[in-house]
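What TrEMBL says about this protein:
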type     : residues : note
SIGNAL   : 1-20     : signal peptide
DISULFID : 26-41    : disulfide bond
DOMAIN   : 55-202   : domain 'Cupin type-1'
BINDING  : 105, 110 : oxalate binding site
Ligand SMILES: *[C@@H]1O[C@H](CO)[C@@H](O)[C@H](O)[C@H]1NC(C)=O
């Protein structure tokens, strides 16, 4: 009986294993455009260990900007080894008072680990419920794929977090910059779609560099 079962399993699984293409990795070739499945693969002969390591997290990003925050991405574009692996990472630096404004990563869920300081983070569900919490060093929070979310440094010193994504290219769209930093979004349309008045839209465009 066991022999029959064994033979059944052997033959029933053979077609699947024979068809499965086993590929260890597909290191990004960034000279070609990125498609829905990621970048094309570099020729395996030209892959080196440097494709599988990333050394951009050893120092803080430059937070001398309007949001007092810096994101150092290690997505497939910067870290070719993650291409095709369904994973990527980034370092987040927030100076005192720094904020990552309301934003979304259309391509992936985010997992955030606070490594320094104190961060108030939250996301808004499709039912418009806000889930937010103050996170201290060592705390972890997950932000479901595609949902709007934010991070604010609510401590006295710098805050640092390492985030990871279940996508090699999760994307990043910051709502306020999409609206008020665009070079060709007419104010008349922005006013209609946001319910803001002309003076408010002009003011925000002035701050975030939008024209049009
Ligand atoms: C940080 O960014 C600011 C504004 O772009 C720039 O003036 C400054 O030189 C940068 N600092 C470093 C250390 O790169």
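In case you wondered, yes, glycine gets a Cβ from its N, Cα and C as well.
TrEMBL labels come from automatic prediction, so no person has curated them.
Within 10 Å of the C-beta of residue 26 (disulfide bond) there are 22 other C-beta atoms, taking all protein chains into account.
Note on the recorded positions 41, 105, 110: the fewest other CB atoms within 10 A surround the CB of 41. The CA atom of residue 41 (disulfide bond) is located 24 Å away from the CA atom of residue 105 (oxalate binding site). With helix defined as DSSP H, G or I and strand as E or B, the domain 'Cupin type-1' (55-202) counts 22 helix, 58 strand, 68 coil. Cα separation, residue 26 (disulfide bond) to residue 110 (oxalate binding site), rounded: 22 Å. For the domain 'Cupin type-1' (55-202), the model's pLDDT averages out at 97. Secondary structure from DSSP puts residue 41 (disulfide bond) in a beta strand.
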